[in-house]
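Visitor: Sharing a structure, written as structure tokens. Questions coming.
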Amino acid sequence: MIIDRLLQRSHSHLPILQATFGLERESLRIHQPTQRVAQTPHPKTLGSRNYHPYIQTDYSEPQLELITPIAKDSQEAIRFLKAISDVAGRSINHDEYLWPLSMPPKVREEDIQIAQLEDAFEYDYRKYLEKTYGKLIQSISGIHYNLGLGQELLTSLFELSQADNAIDFQNQLYMKLSQNFLRYRWLLTYLYGASPVAEEDFLDQKLNNPVRSLRNSHLGYVNHKDIRISYTSLKDYVNDLENAVKSGQLIAEKEFYSPVRLRGSKACRNYLEKGITYLEFRTFDLNPFSPIGITQETVDTVHLFLLALLWIDSSSHIDQDIKEANRLNDLIALSHPLEKLPNQAPVSDLVDAMQSVIQHFNLSPYYQDLLESVKRQIQSPELTVAGQLLEMIEGLSLETFGQRQGQIYHDYAWEAPYALKGYETMELSTQLLLFDVIQKGVNFEVLDEQDQFLKLWHNSHIEYVKNGNMTSKDNYIVPLAMANKVVTKKILDEKHFPTPFGDEFTDRKEALNYFSQIQDKPIVVKPKSTNFGLGISIFKTSANLASYEKAIDIAFTEDSAILVEEYIEGTEYRFFVLEGDCIAVLLRVAANVVGDGIHTISQLVKLKNQNPLRGYDHRSPLEVIELGEVEQLMLEQQGYTVNSIPPEGTKIELRRNSNISTGGDSIDVTNTMDPTYKQLAAEMAEAMGAWVCGVDLIIPNATQAYSKDKKNATCIELNFNPLMYMHTYCQEGPGQSITPRILAKLFPEL
């Protein structure tokens, strides 16, 4: 079977970049007040380690392992890792942060508690590692990079090879990649090594100078020297590994800490028949200059590097070559961070192969830029990660830098707690739900990002969610009924719930003729089936014919049918009902500022806009307050300008409408709202058959309990997909977390 020079013989349109990616990040939890390894147990907020697909513990209780799902491209893998890191950083105790370096801070054996896992084998395995290698070495952290070649790519190469058996071909291809990785991994150690020092008493021998990567040297986490596994063929590899376990040299196959692992089966013998499906590359130190420990550019450069390894011919003396390459890697790992690659390192072979891959397959200029960056780092070691890290070392210690950098990333995680890193372009309620999904260990897939459509599953239990709370729990007809204001009104009227008096019109002339019945009454004119307050005109006293006619025309521009209803005096509240229980109540107040007798209105607006919850284009729970034409007209009607200095305590209205989208305030009144109104809202949602419902009630005096006789509350609208984030992150009040309750209802077994 011919494996070498397959890429050279491939056509330029081969899907060479097609691959699947997975990243694993290890990080220690650090107790900020003491700046030592945290002694607290694994956070209960992170669900159960028995099944959590994204957040586990590695060797010790404080060492988190963050695991991305399989990603179809490198960008998605980085996106996953950003989100999982964000969730982990905000789920640990608030006085803890994740250590950004591979080498731990000062730590003693007694500070390291073995992960308290329920699986007896996993716990006993860690006890064995303690006896065999010691606890301290287990506290080193890193990044594991998983890559599987794309199926179309594998099929094309298989056909080109004219091999007889697809699994044998796939195994040989992955074995070649593994062999060449072990021959050339020293370049990655040079570029990305980031463990230059160990803190006091960590190593048995003392280092006099910083090095490039302790973790990737013989001083790092490696097997004992008597462990020898051949890479000559897959069969030799399997036999040697099985014999090492049988002889007691290894307690299990996974104790073999090779820089590259064959993956796809739990037992290595299965690879012979079922095939290797991907490889795990374990040589990456945490990059402390990235909040997630690795950068997009690194992931893509490594991908190009791996393709170059397929371009390079195999070795005819692989075990001997790997032995020599290991010595070279150790030399580079223990060299000074500003020392260039040694002369015996065949770096030109790698650079030429990477260049050939770029040219042969017409890769985008992005990959050429990545290669140029590699070339610059080869010429200038100070540009490598270890080279940049060198100036951060103080007295052969990185503790101060690690503490500072870890705190920066901790603060960054909490900077916008309503957003999920990596998914900021999605609707806020969906981001909040995804945070909870990752935190609790529910598997997820974004089926359609534009449509906010998610697939969630745990074991065989699958749920589909749209826009954060539209699920199978609601009958299909329910949102259709609530989207139609006339249908909603009729259903509520039949159940004797209070709704505004009014009528529906599909003809402009008929709507105009209705004026005689309402000309002396306060009214609201609105489209029949619209949202976000579009096309609505409010007349708090009464309307003249000209104004009424204009309001009709505005409403008809939004819908083919309109409603003319009585205007109800009072305060509007949004009630959030979930499965018959009102769990949140919100008061929305129009954009405003309150005078302090010192600042102008313009300055007061700027001060209020400093609230981190305020932003633009619905990317934050609250919108920035503008001072445009509408707001300035409103000020003029009150006798103010933007330069006026209102007296202390004077409330200045900047808008009439209370929409959050136009700078309004959200005020959580859940705990103070009279329970009779909560019950009323819940009963209205139940009457509609709604699992999730936003109920808008006008209440003249919320301090008085609701009475059916007095009907001192009126429902003006029901919403089938109510926003959730505005209940959680409010201008005032404690806020109510809704998405965790949605998730708990969907997956009660968790």
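Cβ atoms here come from the backbone N, Cα and C positions, even for glycine.
Feature list, courtesy of Swiss-Prot:
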BINDING   516-574  ATP binding site
BINDING   Asp696, Glu717  Mn(2+) 1 binding site
BINDING   Asp696, Glu717  Mg(2+) 1 binding site
BINDING   Glu717, Asn719  Mn(2+) 2 binding site
BINDING   Glu717, Asn719  Mg(2+) 2 binding site
DOMAIN    489-747  domain 'ATP-grasp'
REGION    1-333  region 'Glutamate--cysteine ligase'
REGION    32-51  region 'Disordered'
Visitor: Rounded to the nearest angstrom, how far is the Cα of Val564 (ATP binding site) from the Cα of Glu717 (Mn(2+) 1 binding site)?
Guide: 14
Visitor: List the binding-site residues among Ser516, Val524, Val564 whose C-alpha is within 10 Å of the C-alpha of Asn719 (Mn(2+) 2 binding site), in sequence order, or say none.
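Guide: The binding-site residues close to Asn719 (Mn(2+) 2 binding site) (Cα within 10 Å) - there are none.
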Visitor: Please average pLDDT over the region 'Glutamate--cysteine ligase' (1-333) for the predicted structure.
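Guide: Averaged over the region 'Glutamate--cysteine ligase' (1-333), per-residue pLDDT gives 96.
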Visitor: Within the region 'Disordered' (32-51), how many residues are helix, strand or coil going by DSSP?
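Guide: The region 'Disordered' (32-51) comes out at 3 helix, 2 strand, 15 coil.
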Visitor: Fewest other Cβ atoms within 10 Å: which of the binding-site residues Tyr548, Phe556 wins that one? Let me know.
Guide: Phe556
Visitor: Sorry to bug you, but what's the C-alpha spacing from Asp696 (Mn(2+) 1 binding site) to Lys540 (ATP binding site), rounded to the closest Å?
Guide: 18
Visitor: Can you grab the distance from Ser516 (ATP binding site) over to Asp696 (Mn(2+) 1 binding site)? Cα atoms, rounded to a whole Å.
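Guide: Computed Cα spacing between Ser516 (ATP binding site) and Asp696 (Mn(2+) 1 binding site) is 29 Å.
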Visitor: Which one is it: of the binding-site residues Val524, Val564, which Cβ has the fewest other Cβ atoms within 10 Å in this structure?
Guide: Val524
Visitor: Take the Cβ of Asp696 (Mn(2+) 1 binding site) and count every other Cβ within 10 Å, whichever protein chain it belongs to.
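Guide: If we count other Cβ atoms within 10 Å of Asp696 (Mn(2+) 1 binding site), we arrive at 17.
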Visitor: By a simple count, how many Cβ atoms lie within 10 Å of the Cβ of Ser516 (ATP binding site), its own Cβ left out?
Guide: 9
Visitor: How big is the gap, in Å, between the Cα of Phe556 (ATP binding site) and that of Asp696 (Mn(2+) 1 binding site), rounded to a whole number?
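Guide: Each residue's Cα considered, Phe556 (ATP binding site) and Asp696 (Mn(2+) 1 binding site) end up 23 Å apart.
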Visitor: Return only the integer: C-alpha distance in Å from Glu572 (ATP binding site) to Asp696 (Mn(2+) 1 binding site).
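Guide: Taking the Cα atoms only, Glu572 (ATP binding site) lies 7 Å from Asp696 (Mn(2+) 1 binding site).
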Visitor: What's the CA-CA gap between Tyr548 (ATP binding site) and Asp696 (Mn(2+) 1 binding site) in angstrom, rounded?
Guide: 24
